[in-house]
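A.B. asks: According to TrEMBL:
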- 22-39: transmembrane segment (TRANSMEM)
- 51-71: transmembrane segment (TRANSMEM)
- Lys108, Glu109, Asp138: UDP-alpha-D-glucose binding site (BINDING)
- Asp138: active site (ACT_SITE)
- Lys268, Asp292: Mn(2+) binding site (BINDING)
- Asp445: active site (ACT_SITE)
- 557-585: transmembrane segment (TRANSMEM)
- 646-670: transmembrane segment (TRANSMEM)
- 682-700: transmembrane segment (TRANSMEM)
- 712-731: transmembrane segment (TRANSMEM)
Amino acid sequence: MDSPLPLHVCHVNNLSVIINRLHALLHCIAIGFLIYYRASYLLQETRAIPIILWLLVFASELLLSFIWLLGRAYLWRPVSRTVFPERLPEDDKLPAIDVFICTADPEKEPAIGVMNTVLSAMALDYPVDKLHVYLSDDGGSPITLHGMREACRFAKWWLPFCRRYGIKTICPQAYFSEADSDDYFGDSEFMVEKKKIKEKYEMFEEHVTKAVEDGEYGNSQNHSTIIEQIIQETFGESETIRQADLVEMPLLVYVSREKRPEHLHHFKAGALNVLLRVSGVISNSPYILGLDCDMYCNDPTSARQAMCFHLDPKISSSLAFVQFPQKFHNINKYDIYDGRFRSAYCVQWQGMDGLKGPVLSGTGYYIKRESLYADFTHTELKDTFGKSNVLINSLHQSYKQNNANGENFSNVLQEETGVLASCSYEHQTKWGEEVGILYQSVSEDLFTGFILHCKGWTSTYLTPFRPQFLGTSTTNLNDLLIQGTRWGSGLTDVGLSRFCPLLYGPSRMSLLQSMCYGELSFFPLLYCLPLWCLATLPQLCLLNGISLYPEVSSPSFIVFSFIFISAICKHLQEVISTGGSIYAWRNEQRIWMIKSVTAHFYGSMDTILKLLGLRKASFLPTNKVLDKEQVKRYEMGQFDFQTSSMFLVPMVSLMILNMAALLCGFIRIIAVGNWDKLFPQLLLSLYILIINFAIVEGMIVRKDKGRISPSAILLSSVFFMIFLFFGSIILM
């Protein structure tokens with residue numbers, strides 16, 4: 001008997017493997033020569049350069065070499081995958097799916113965008129009775145609850161329309177904004193129907209917008225539990241639709257957990273664990289789709305594509321989750337803020353997929369419910385999961401409430417879900433420690449995925465041609481750096497914890513996988529410190545005529561040149577091979593430098609302060625509200641420098657220092673003629689200024705509202721003088 005056709009295939013890019021490993025070998029050899037050069041100087045009896053400067057630069061180069069070495073694990077065996085959803089079993093044999101959507105702040109996350117995400121999830125191409133959509137509203141906002149009811153009302157028109165005409169863009173807001181959204185150009189009946197549905201959508205949008213203008217946002221930190229199954233309303237006699245379209249809608253549930261100021265709520269991780277418990281006693285689907293509130297479903301087939309892995313008997317027993325890339329609908333051709341995260345989603349995650357699987361990335365993943373439950377014995381069920389007998393019964397996969405397909409909640413179930421969503425339920429349980437989404441870090445996704453891999457679970461990464469999910473990327477510098485600070489803090493939380501991937505991981509997973517997690521956990525800290533040193537110390541030495549690098553005529557200069565050119569060319573090769581350009585390469589270099597000396601520095605310091613007990617954990621949602629002027633500048637490819645001085649001053653101070661060093665260096669070379677000694681430092685300052693010319697332009701050339709303010713430049717000048725003062729002390 002022939003074996004069944006595979007549901008998916010894996011492709012190894014052998015050419016990339018050869019290039020990556022050959023480059024790593026040559027670069028490692030060069031780093032070895034660099035270390036020899038720096039270390040041999042320390043053994044000399046007479047030294048022309050202060051030892052503290054040499055040690056700081058040497059330490060910076062060692063840290064950069066170490067983080068680079070960790071990053072080689074991503075490139076060891078990159079793979080790509082293809083799925084065949086047409087080979088899946090019949091619909092009645094497909095497993096059920098719960099969709100978790102999280103929102104926290106109705107001011108930063110507009111209700112109309114959240115509801116479009118909800119509607120897109122409801123429109124997935126999946127059996128209706130096996131799809132259940134849950135929205136967690138951590139803001140406890142009446143506006144969001146009203147929006148859910150309006151979305152349910154509009155869904156009665158939207159879902160039949162999508163199914164009848166095979167609509168691919170199942171987010172209504174995106175669909176009606178597309179110029180070429182018509183799949184039936186010659187069908188007059190389709191055009192009439194589309195016009196009618198568009199009018200319904202505009203009414204829905206108007207109702208939600210009016211509720212936002214007239215309603216109250218609520219108290220996001222102090223409110224009681226609200227759990228409501230959103231029930232369909234019947235159509236009036238004046239509004240009729242075809243009998244064939246009278247199909248069931250997916251179960252739709254609004255969940256706002258109890259929050260009190262005196263209780264820890266653990267941010268998004270806490271909200272997800274409440275959804276895990278509440279859904280467990282309602283629908284209890286074996287698989288869960290996790291979505292951010294702005295990350296709408298862009299392809300109705302994502303669930304079936306994910307099931308091509310979850311239903312493969314060869315890997316299903318150990319597969320925890322299938323991760324799709326995060327892609328964004330509002331990124332323009334310039335992408336000045338590196339909003340595509342190309343390095344992560346086009347290089348790193350594919351590399352991890354060739355090992356044990358990619359990181360859990362916070363949104364766009366299909367995860368097995370079982371993987372989020374710890375190994376337990378029947379004697380410790382209540383100590384692990386809490387005192388709810390209904391929840392404990394749900395641990396058996398055969399359990400399912402009768403009302404999961406659309407009937408209203410019973411009073412008993414309503415009361416039970418209220419208990420499960422209370423702020424005290426997790427006390428003296430293992431929730432967040434061993435069960436569910438883990439609380440160790442505000443980057444709950446990375447930490448949970450890491451622990452899953454440590455327990456022996458695997459994951460896969462799928463990047464179809466059509467984006468399965470589309471979100472909203474940051475389009476201004478302020479939001480980018482606030483987001484980067486939060487991420488930097490969360491990642492460093494993991495690196496400096498007892499679960500440090502480089503110590504906790506190797507005995508539980510492969511060394512290469514541990515290196516990947518180590519690079520993710522430490523890159524904010526291990527980039528910010530060296531970049532601060534290399535953006536200041538060589539420049540201060542240049543101002544004083546001190547050489548930190550080999551003379552151009554020295555053979556050792558070839559080593560430094562090779563490492564510099566090798567790193568740049570490898571990055572450029574990765575950018576070009578993944579569809580980018582030289583312009584994209586420059587943007588990534590610039591954002592890497594900016595984030596390292598600002599967001600990653602502050603994020604790392606935030607973690608250190610938390611470890612010392614000097615600061616509490618915090619979480620700021622990324623702003624999803626668009627400012628028209630900022631959007632206009634973004635579309636023009638102009639940086640918007642309307643951000644806090646805590647971000648501007650480091651950037652501008654370093655630009656002033658590098659401009660001064662470059663100018664004084666040229667003057668010194670012309671006057672003294674020792675270009676052979678100072679050329680490497682001169683080149684370094686020139687490179688920093690060329691890459692970050694947008695900052696220089698914002699300081700000197702631009703006069704619009706998005707420029708760097710004179711007050712920030714003045715304050716930065718003060719810090720520049722402080723640099724010079726401390727530099728003179730070090731150089732004495």
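Numbers run from 1 along the shown chain.
Each Cβ is built from the backbone N, Cα and C atoms, and glycine gets one as well.
What's the neighbourhood like for each of these?
C.D. replies: If you look at the transmembrane segment (51-71), the same-chain residues 6 or more away from its ends with a CB under 8 A from one of its CBs are 27-28, 31, 34-35, 38-39, 41-42, 515-516, 518-519, 522-523, 526-527, 529-530, 533-534, 537-538, 541, 546, 548, 567, 730-731.
There are 15 other Cβ atoms within 10 Å of the Cβ belonging to Lys108 (UDP-alpha-D-glucose binding site).
All protein chains considered, the CB of Asp292 (Mn(2+) binding site) has 23 other CB atoms within 10 Å.
Cβ neighbour count for Asp445 (active site) (all protein chains, 10 Å cutoff from its Cβ): 23.
For the transmembrane segment (557-585), the residues of the chain that approach it from at least six positions outside its boundaries are 16, 19, 23, 26-27, 30-31, 33-34, 37, 68, 334-335, 342-343, 346-347, 549-551, 680, judged by C-beta separation under 8 angstroms.
Outside the transmembrane segment (646-670), and at least 6 residues removed from its termini, the chain residues within Cβ reach (under 8 Å) are 477-478, 481, 535-536, 538-540, 542-543, 545, 594, 597-599, 601-602, 678-679, 681-682, 685-686, 688-689, 692, 695-696, 699, 708-709, 712-713, 715-717, 719-720, 723.
Panel annotation: around the transmembrane segment (682-700), residues 336, 534-535, 538-539, 542, 586, 589-590, 593-594, 639, 641, 651-652, 654-655, 658-659, 661-662, 665-666, 669, 675, 706-708, 713 of the same chain, lying at least six beyond its termini, place a Cβ under 8 Å from a Cβ of the stretch.
Taking Cβ pairs closer than 8 Å, the transmembrane segment (712-731) reaches residues 50, 52-53, 536, 540-541, 543-544, 546, 641, 645, 648-650, 652-653, 656-657, 660, 699 in its own chain, all 6 or more past its ends.
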A.B. asks: Give me the count of other Cβ atoms within 10 A of the Cβ belonging to Lys268 (Mn(2+) binding site).
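C.D. replies: So the Cβ neighbour count for Lys268 (Mn(2+) binding site) comes to 23.
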A.B. asks: Between Asp292 (Mn(2+) binding site) and Asp445 (active site), how many Å separate their Cα atoms?
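C.D. replies: Spelling it out, the Cα of Asp292 (Mn(2+) binding site) and the Cα of Asp445 (active site) are 12 Å apart.
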A.B. asks: To the nearest Å, how far is the Cα of Asp138 (UDP-alpha-D-glucose binding site) from the Cα of Lys268 (Mn(2+) binding site)?
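C.D. replies: Cα of Asp138 (UDP-alpha-D-glucose binding site) to Cα of Lys268 (Mn(2+) binding site) measures 8 Å after rounding.
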A.B. asks: Taking Cα atoms as reference points, which of the recorded positions Lys108, Glu109, Asp445 is nearest to Lys268 (Mn(2+) binding site)?
C.D. replies: Asp445
